[in-house]
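I have placed the structure first, in the form of C-alpha coordinates, so that the comments after it can refer back to it.
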(Lines of atoms letter the chains of each structure in order from A and count residues from 1; the text may use other names and numbers.)
(Lines give C-alpha, C1' and ligand atoms only; values in the text may rest on other atoms or scores of the structure.)
Protein backbone atom coordinates (compact mmCIF):
# COMPACT_ATOMS: atom_id res chain seq x y z
CA UNK A 1 0.00 0.00 0.00
CA UNK A 2 1.25 3.45 -0.88
CA UNK A 3 1.35 5.49 2.32
CA UNK A 4 2.33 8.80 0.80
CA UNK A 5 0.02 11.77 1.42
CA UNK A 6 -2.87 12.41 -0.95
CA UNK A 7 -0.90 15.19 -2.61
CA UNK A 8 2.65 16.44 -2.43
CA UNK A 9 1.84 19.84 -3.84
CA UNK A 10 2.71 22.74 -1.58
CA UNK A 11 -0.09 24.99 -0.29
CA UNK A 12 -1.18 27.66 -2.75
CA UNK A 13 -2.60 30.09 -0.18
CA UNK A 14 -0.54 33.11 1.03
CA UNK A 15 1.74 32.42 3.99
CA UNK A 16 0.88 34.96 6.70
CA UNK A 17 2.19 35.15 10.24
CA UNK A 18 -0.34 34.10 12.89
CA UNK A 19 -1.72 36.81 15.16
CA UNK A 20 -0.75 34.69 18.16
CA UNK A 21 2.83 33.68 18.89
CA UNK A 22 4.13 30.11 19.12
CA UNK A 23 5.75 30.42 22.54
CA UNK A 24 4.46 28.64 25.66
CA UNK A 25 1.71 31.21 26.17
CA UNK A 26 0.57 31.02 22.56
CA UNK A 27 0.41 27.23 22.67
CA UNK A 28 -1.47 27.32 25.99
CA UNK A 29 -4.01 29.77 24.57
CA UNK A 30 -4.55 27.48 21.58
CA UNK A 31 -5.14 24.50 23.85
CA UNK A 32 -7.69 26.50 25.84
CA UNK A 33 -9.33 27.64 22.60
CA UNK A 34 -9.65 24.06 21.32
CA UNK A 35 -11.19 22.92 24.59
CA UNK A 36 -13.45 25.98 24.68
CA UNK A 37 -14.79 25.39 21.16
CA UNK A 38 -15.56 21.77 22.04
CA UNK A 39 -17.27 22.73 25.31
CA UNK A 40 -19.43 25.36 23.62
CA UNK A 41 -20.49 22.92 20.91
CA UNK A 42 -21.45 20.23 23.42
CA UNK A 43 -23.22 22.74 25.67
CA UNK A 44 -25.34 24.15 22.86
CA UNK A 45 -26.27 20.66 21.65
CA UNK A 46 -27.20 19.57 25.18
CA UNK A 47 -29.36 22.65 25.83
CA UNK A 48 -31.07 22.75 22.43
CA UNK A 49 -33.70 20.07 23.28
CA UNK A 50 -34.98 22.33 26.07
CA UNK A 51 -36.54 24.48 23.35
CA UNK A 52 -38.95 21.63 22.64
CA UNK A 53 -40.67 22.20 25.97
CA UNK A 54 -42.24 25.42 24.67
CA UNK A 55 -43.79 23.63 21.67
CA UNK A 56 -47.04 21.83 22.58
CA UNK A 57 -46.74 18.08 22.05
CA UNK A 58 -43.11 18.21 20.88
CA UNK A 59 -41.74 16.39 23.92
CA UNK A 60 -44.06 13.45 23.30
CA UNK A 61 -43.19 13.32 19.58
CA UNK A 62 -39.43 13.53 19.98
CA UNK A 63 -39.13 11.66 23.27
CA UNK A 64 -38.24 8.02 23.83
CA UNK A 65 -37.03 5.74 21.07
CA UNK A 66 -39.37 6.83 18.30
CA UNK A 67 -37.97 7.51 14.81
CA UNK A 68 -38.50 11.22 15.47
CA UNK A 69 -36.44 10.90 18.65
CA UNK A 70 -33.60 9.33 16.69
CA UNK A 71 -33.92 12.06 14.07
CA UNK A 72 -33.57 14.73 16.75
CA UNK A 73 -30.50 12.97 18.15
CA UNK A 74 -28.89 12.96 14.70
CA UNK A 75 -29.65 16.67 14.28
CA UNK A 76 -28.00 17.41 17.62
CA UNK A 77 -24.96 15.36 16.63
CA UNK A 78 -24.70 17.34 13.40
CA UNK A 79 -25.13 20.57 15.39
CA UNK A 80 -22.12 19.68 17.54
CA UNK A 81 -20.02 19.06 14.44
CA UNK A 82 -21.25 22.21 12.74
CA UNK A 83 -20.37 24.43 15.69
CA UNK A 84 -16.88 22.94 15.93
CA UNK A 85 -16.23 23.35 12.20
CA UNK A 86 -17.43 26.96 12.40
CA UNK A 87 -15.25 27.61 15.44
CA UNK A 88 -12.16 26.13 13.79
CA UNK A 89 -12.87 28.04 10.57
CA UNK A 90 -13.07 31.32 12.50
CA UNK A 91 -9.93 30.57 14.48
CA UNK A 92 -7.95 29.55 11.41
CA UNK A 93 -9.07 32.60 9.45
CA UNK A 94 -8.67 35.30 12.09
CA UNK A 95 -5.94 33.97 14.39
CA UNK A 96 -3.83 31.63 12.27
CA UNK A 97 -4.64 33.60 9.09
CA UNK A 98 -4.86 30.54 6.85
CA UNK A 99 -7.73 28.45 5.43
CA UNK A 100 -9.28 25.66 7.48
CA UNK A 101 -8.03 23.13 4.93
CA UNK A 102 -4.54 23.76 6.31
CA UNK A 103 -5.71 21.90 9.43
CA UNK A 104 -6.54 18.85 7.31
CA UNK A 105 -10.19 19.71 6.67
CA UNK A 106 -10.33 18.46 3.10
CA UNK A 107 -11.35 15.31 1.26
CA UNK A 108 -8.70 13.82 -1.01
CA UNK A 109 -8.67 10.83 -3.32
CA UNK A 110 -7.29 8.54 -0.58
CA UNK A 111 -9.20 10.00 2.37
CA UNK A 112 -11.72 7.15 2.44
CA UNK A 113 -8.88 4.62 2.48
CA UNK A 114 -7.16 6.34 5.39
CA UNK A 115 -10.47 6.68 7.25
CA UNK A 116 -11.16 2.95 6.93
CA UNK A 117 -7.57 2.11 7.84
CA UNK A 118 -7.93 4.09 11.07
CA UNK A 119 -11.25 2.42 11.88
CA UNK A 120 -9.79 -1.04 11.29
CA UNK A 121 -6.63 -0.38 13.33
CA UNK A 122 -8.48 0.95 16.37
CA UNK A 123 -11.45 -1.42 16.32
CA UNK A 124 -9.40 -4.56 15.66
CA UNK A 125 -6.80 -3.83 18.34
CA UNK A 126 -9.48 -3.04 20.93
CA UNK A 127 -11.55 -6.10 20.07
CA UNK A 128 -8.49 -8.36 20.21
CA UNK A 129 -7.41 -7.04 23.61
CA UNK A 130 -10.86 -7.49 25.15
CA UNK A 131 -11.10 -11.00 23.67
CA UNK A 132 -7.87 -11.96 25.47
CA UNK A 133 -8.86 -10.56 28.88
CA UNK A 134 -10.26 -12.91 31.56
CA UNK A 135 -14.04 -13.10 31.54
CA UNK A 136 -15.97 -11.68 34.50
CA UNK A 137 -19.38 -12.47 33.05
CA UNK A 138 -21.16 -13.93 30.03
CA UNK A 139 -21.89 -12.21 26.73
CA UNK A 140 -24.68 -9.70 27.26
CA UNK A 141 -28.05 -10.78 25.94
CA UNK A 142 -30.47 -8.81 23.80
CA UNK A 143 -32.46 -7.64 26.82
CA UNK A 144 -29.37 -6.22 28.52
CA UNK A 145 -28.32 -4.39 25.36
CA UNK A 146 -31.69 -3.07 24.19
CA UNK A 147 -33.67 -2.84 27.43
CA UNK A 148 -37.40 -2.62 26.80
CA UNK A 149 -36.96 -1.94 23.08
CA UNK A 150 -37.97 -4.59 20.57
CA UNK A 151 -35.18 -5.68 18.23
CA UNK A 152 -37.00 -4.98 14.98
CA UNK A 153 -34.99 -4.37 11.78
CA UNK A 154 -36.00 -0.70 11.85
CA UNK A 155 -34.96 -0.29 15.48
CA UNK A 156 -31.62 -1.99 14.88
CA UNK A 157 -30.97 0.21 11.83
CA UNK A 158 -31.78 3.34 13.83
CA UNK A 159 -29.50 2.24 16.65
CA UNK A 160 -26.63 1.57 14.24
CA UNK A 161 -27.04 5.00 12.63
CA UNK A 162 -27.26 6.67 16.03
CA UNK A 163 -24.15 5.01 17.44
CA UNK A 164 -22.14 5.62 14.28
CA UNK A 165 -23.21 9.26 14.48
CA UNK A 166 -22.10 9.34 18.10
CA UNK A 167 -18.74 7.80 17.21
CA UNK A 168 -17.94 9.97 14.20
CA UNK A 169 -20.23 13.00 13.84
CA UNK A 170 -20.47 13.99 17.49
CA UNK A 171 -17.06 12.88 18.77
CA UNK A 172 -14.56 11.60 16.22
CA UNK A 173 -14.62 14.31 13.56
CA UNK A 174 -14.98 17.40 15.80
CA UNK A 175 -12.42 16.32 18.40
CA UNK A 176 -9.86 15.25 15.81
CA UNK A 177 -10.33 18.46 13.82
CA UNK A 178 -9.58 20.42 16.98
CA UNK A 179 -6.69 18.43 18.43
CA UNK A 180 -5.07 16.47 15.58
CA UNK A 181 -6.06 19.17 13.10
CA UNK A 182 -6.03 22.79 14.27
CA UNK A 183 -3.73 22.34 17.26
CA UNK A 184 -1.31 19.75 15.88
CA UNK A 185 -0.92 21.63 12.59
CA UNK A 186 0.00 24.90 14.29
CA UNK A 187 2.94 23.33 16.16
CA UNK A 188 3.97 21.16 13.18
CA UNK A 189 7.46 22.67 12.90
CA UNK A 190 8.24 21.13 16.31
CA UNK A 191 6.74 17.68 15.74
CA UNK A 192 7.73 16.07 19.03
CA UNK A 193 6.28 18.98 21.00
CA UNK A 194 3.18 18.90 18.80
CA UNK A 195 2.60 15.21 19.53
CA UNK A 196 3.15 15.65 23.28
CA UNK A 197 0.97 18.75 23.68
CA UNK A 198 -1.96 17.52 21.62
CA UNK A 199 -1.91 14.04 23.16
CA UNK A 200 -1.81 15.33 26.73
CA UNK A 201 -4.44 18.01 26.12
CA UNK A 202 -6.76 15.51 24.46
CA UNK A 203 -6.22 13.02 27.28
CA UNK A 204 -6.88 15.63 29.98
CA UNK A 205 -10.33 16.59 28.70
CA UNK A 206 -11.45 13.00 29.29
CA UNK A 207 -11.13 13.44 33.05
CA UNK A 208 -14.79 14.45 32.91
CA UNK A 209 -15.84 11.58 30.65
CA UNK A 210 -18.46 9.18 31.97
CA UNK A 211 -17.17 5.71 31.18
CA UNK A 212 -18.44 3.78 34.19
CA UNK A 213 -15.87 5.09 36.66
CA UNK A 214 -16.72 4.53 40.33
CA UNK A 215 -14.16 6.77 42.02
CA UNK A 216 -11.80 9.68 41.47
CA UNK A 217 -8.92 7.23 41.03
CA UNK A 218 -10.81 5.35 38.33
CA UNK A 219 -11.29 8.64 36.48
CA UNK A 220 -7.49 8.85 36.36
CA UNK A 221 -7.07 5.22 35.26
CA UNK A 222 -9.69 5.72 32.56
CA UNK A 223 -7.33 8.19 30.87
CA UNK A 224 -5.26 5.25 29.63
CA UNK A 225 -7.81 4.75 26.84
CA UNK A 226 -7.86 8.26 25.32
CA UNK A 227 -4.09 8.47 25.78
CA UNK A 228 -3.63 5.23 23.87
CA UNK A 229 -5.84 5.97 20.90
CA UNK A 230 -4.57 9.57 20.76
CA UNK A 231 -1.07 8.21 20.13
CA UNK A 232 -2.43 5.70 17.63
CA UNK A 233 -4.30 8.50 15.85
CA UNK A 234 -1.31 10.80 15.55
CA UNK A 235 0.91 7.90 14.50
CA UNK A 236 -1.38 7.02 11.60
CA UNK A 237 -1.75 10.70 10.73
CA UNK A 238 2.01 11.03 10.42
CA UNK A 239 2.31 7.98 8.18
CA UNK A 240 -0.65 8.79 5.93
CA UNK A 241 -0.49 12.58 5.99
CA UNK A 242 -4.27 12.62 6.45
CA UNK A 243 -6.47 13.89 9.26
CA UNK A 244 -9.02 11.27 8.18
CA UNK A 245 -6.77 8.49 9.44
CA UNK A 246 -6.93 10.06 12.91
CA UNK A 247 -10.69 10.47 12.60
CA UNK A 248 -10.91 6.80 11.66
CA UNK A 249 -8.96 5.79 14.76
CA UNK A 250 -11.21 7.88 17.00
CA UNK A 251 -14.43 6.57 15.50
CA UNK A 252 -12.99 3.07 15.25
CA UNK A 253 -12.26 3.07 18.97
CA UNK A 254 -15.96 3.52 19.63
CA UNK A 255 -16.92 0.98 16.98
CA UNK A 256 -14.57 -1.53 18.59
CA UNK A 257 -16.21 -0.87 21.95
CA UNK A 258 -19.66 -1.46 20.48
CA UNK A 259 -18.55 -4.74 18.92
CA UNK A 260 -16.82 -5.91 22.10
CA UNK A 261 -19.88 -5.18 24.24
CA UNK A 262 -22.19 -6.90 21.77
CA UNK A 263 -20.17 -10.02 20.96
CA UNK A 264 -17.61 -10.68 23.69
CA UNK A 265 -17.75 -11.78 27.31
CA UNK A 266 -17.81 -9.17 30.05
CA UNK A 267 -14.42 -8.11 31.44
CA UNK A 268 -13.15 -6.04 34.33
CA UNK A 269 -13.57 -2.39 33.36
CA UNK A 270 -10.33 -1.07 34.86
CA UNK A 271 -8.28 -3.92 33.41
CA UNK A 272 -9.76 -3.24 29.97
CA UNK A 273 -8.98 0.49 30.16
CA UNK A 274 -5.35 -0.19 31.02
CA UNK A 275 -4.90 -3.05 28.55
CA UNK A 276 -6.57 -1.30 25.61
CA UNK A 277 -4.80 1.97 26.33
CA UNK A 278 -1.45 0.25 26.77
CA UNK A 279 -1.64 -1.74 23.54
CA UNK A 280 -2.85 1.18 21.42
CA UNK A 281 -0.29 3.52 23.00
CA UNK A 282 2.50 1.07 22.19
CA UNK A 283 1.37 0.76 18.57
CA UNK A 284 0.94 4.51 18.29
CA UNK A 285 4.32 5.27 19.84
CA UNK A 286 6.02 2.88 17.43
CA UNK A 287 4.28 4.59 14.51
CA UNK A 288 5.24 8.06 15.76
CA UNK A 289 8.91 7.17 16.32
CA UNK A 290 9.35 5.42 12.97
CA UNK A 291 7.48 8.18 11.13
CA UNK A 292 9.60 10.96 12.62
CA UNK A 293 12.81 9.01 11.95
CA UNK A 294 11.80 8.69 8.31
CA UNK A 295 11.16 12.41 8.05
CA UNK A 296 7.37 12.25 7.87
CA UNK A 297 5.80 15.66 8.40
CA UNK A 298 2.62 16.68 10.13
CA UNK A 299 -0.20 17.45 7.70
CA UNK A 300 -0.06 20.79 5.93
CA UNK A 301 -3.54 20.80 4.42
CA UNK A 302 -2.56 19.05 1.19
CA UNK A 303 -2.97 15.50 2.46
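Using N, Cα and C of the backbone, Cβ positions are placed for all residues, glycine too.
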Among 112-133, 244-265, find the range that TrEMBL records as transmembrane segment.
112-133
Would you call the transmembrane segment (191-208) and the transmembrane segment (220-239) in contact, using three or more Cβ pairs under 8 Å, pairs 6 or more apart in sequence?
yes
In the domain 'CAAX prenyl protease 2/Lysostaphin resistance protein A-like' (161-253), how many residues does DSSP put in helix, strand and coil?
79 helix, 0 strand, 14 coil
Across the domain 'CAAX prenyl protease 2/Lysostaphin resistance protein A-like' (161-253), average pLDDT on the 0 to 100 scale:
96
Mind checking which residues of the chain, 6+ beyond the ends of the transmembrane segment (27-48), have their Cβ under 8 Å from one of its Cβ atoms?
20, 76-77, 79-81, 83-84, 87-88, 91, 95, 170, 174-175, 178-179, 182-183, 186-187, 197, 201, 205
With pairs restricted to those 6 or more apart in sequence, evaluate whether the transmembrane segment (153-170) and the transmembrane segment (68-91) have 3+ C-beta pairs under 8 Å.
yes
For the transmembrane segment (112-133), name the stretch out of 68-91, 220-239, 270-292 with the most CB-CB pairs under 8 Å.
270-292
